[in-house]
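Peer 1: So that we are looking at the same thing, I have put the structure below in structure tokens.
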Amino acid sequence: EAKSGEFLAKSFSLPAGKPVPSGRRESILKTFKKSVRRGFAGSLRRLESYAGRVAKPANKYIRWNLLFTFLIFFFISSSVWIPAIPSLNDFALEIVTIVCIILHFLWMVAVFNALRYTWRLRRFASHKIDLSKGSNPDGILIKHLVGICIYKEPLQLIMDTVDSIASQPDAKSKITCLVGMEGGTPDKEEKKRLLHEKYEAQFDRFIVTFHPKGLPGDIPGKCSNFNYASRQAVKQLRLDKNYPLDKPDRKVELLVTTGDCDSIFGERYFDALEEDYLKLTEEQRQYTVWQSPLFYCINLHKSPFFVRVTGLLRAFFMMGYLIPWNINTMSIFSLTLKLMENGDYTHPGYQMDDIIALIRWSLSVRRKCVIRAIPVATLSGPTSGKNYIDEWYEWARQIRRWTIGAAEVFHYFVIKFFQLPVMVSLSFSAKFVFYYGFLLCIASVYTIVAPLVTPAMLSAVNHGVWGLVIPSQDVFTWIMLGFLGLQYFWFLCVFLVNYLCQPVFPRGTKDETGIIRNIFHLVMTWPTITMYCIVELVAFLEVTVRGKSVCSHNASKKDNLVAPVTTIPDRMEV
């Protein structure tokens, strides 16, 4: 009698031919049994229901993000302590100048990259996709699982996102749409009924899940919601006898795409994804993540200056740094199911699924995962509020959440540092610290503080405001003013990139901001990015003092993105 959980074959016959020795026959039979048992056990693991995870014990306060915070404040304070050190004060003005030169060189690199991707987007708009010409000697059938997660967002906003997925070519035959709701979503059963009623017939499969409250190891947010929803969806597809996933008669590649509830997918997103997938070798596909350039342009012309400027900068930085430098994915991205399962889906104990995902998947393949751009523009909604004060609050809350998430990801990465090849870890850490530490958190504040504080400190220590190359304070002041003018040229390039990309936005979406407001927003770009940096500094201090307890995903409000148009404005449009 077989033991519980053990599988035994009743008979096993070899093809006719030469007689097989009994010892070899037993060896073949034993190998067959082991492989069947392993496959059966693996199938059970893939089909079992997710019930949370056992969180590893961790110190809530002594975490590696303390190092990140130290580096940030150490660098900002350098304008105070460098002039006070006798062996360094002769170089103080030159050090500030060199830092500014490096910063502007990196802005130049970002402008070059952003314009390069802008050219790709515009060129691809006239490109005809013919998937039949792709390299597919194995006859792989490509299917898609597209997941979005929601909590209290307006139903119409969710439907706008799902509509953009349903309008994709061949959505009925190859796209499974997944909507992951939180267990605490208001009227969730009614929303599920309405969504099924409208979209059941428009997709290959349409799945709605409810993320239970209080699963062990989960924190509230998209990361834990999508982790649960995608596991349940994949399980359901594997159990579906009419769905070809993991069936022996057909080789199927399931590409998993995650999006936000306020996303508008480009009209040919999934065809472009398949076309690029077919260009890669089988090995390359298993360490590739696809990212579409994301523009925060839904009702952007109705947003106040700090929201609009932040949206333009985020789109610019995605094309300037995140994609070409392989730093991290953002909001909407795709990968193979195999890579996602090898990386154990998304981490339910962290709030920033897009930042941490690339690290987890790189760990699963023990090499650098590569971000490849899909040359199709996608849209996302900026933060929104009912009035000006509400807008400001939501804007600051979103920045705080991003910053705390980045600090937590830094902690996670340092812990896993030596599990990756050394050069991969060093390269990623340098780019991560530069982008999330230097560029987003330090640069703007430093370029304000250093030109003012450094001369003052030199005078305070009776050194005199001069350096080895810079002869006087007047020369130093003119150099700093020149850098300020150059900075506004880079800001102008940010606005230009957004304007040049508008012809390829989905649904003909336009940023209808007028010329006068555009000029005002350009002028206010420097104050906006400075306010952004200050909010980040406060957030780093908060996570330093409060520790792990601040790490949760409090979603920003999206109600105003679908608010009906009225003749009486409810906020100042400046």
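Each residue, glycine too, has its Cβ placed from N, Cα and C.
Got these off TrEMBL a minute ago, pasting:
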type: TRANSMEM; residues: 66-85; note: transmembrane segment
type: TRANSMEM; residues: 91-115; note: transmembrane segment
type: TRANSMEM; residues: 305-327; note: transmembrane segment
type: TRANSMEM; residues: 409-426; note: transmembrane segment
type: TRANSMEM; residues: 433-458; note: transmembrane segment
type: TRANSMEM; residues: 478-501; note: transmembrane segment
type: TRANSMEM; residues: 522-541; note: transmembrane segment
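Show me how these features fit into the shown structure, please.
Peer 2: Note on the transmembrane segment (91-115): residues 78-79, 82-83, 316-317, 319-321, 323-324, 434, 439, 443, 446-447, 450-451, 454-455, 457-458, 465-470, 476, 479-480, 483, 486-487, 490, 493-494, 497 of its chain, located 6 or more positions outside it, place their CB under 8 angstroms from a CB of the stretch.
Within the chain, the transmembrane segment (305-327) has long-range Cβ neighbours (under 8 A, six or more residues past its boundaries) at 109-111, 113-114, 116-118, 291, 293-297, 358, 368, 370-371, 373, 382-384, 391-392, 395, 399, 428, 431-432, 435, 439, 493-495, 497-498, 501, 513, 517, 520-521, 524-525, 528-529, 531-532, 574.
With a cut-off of 8 Å between Cβ atoms, the residues of this chain six or more beyond the transmembrane segment (433-458) that come close are 68, 71-72, 75-76, 78-80, 82-84, 89, 92-93, 96, 99-100, 103, 106, 317, 321-322, 325, 327, 403, 406, 410, 464-466, 473, 476-477, 480, 483-484, 487, 526, 529-530, 532-534, 536-537, 540.
Counting residues 6+ beyond its ends, the transmembrane segment (478-501) has Cβ neighbours under 8 Å at 97, 100, 104, 107-108, 110-111, 114-115, 118, 121-122, 293, 295, 297, 312-313, 315-316, 319, 377, 447, 451, 470, 511, 518, 521-522, 525-526 in the same chain.
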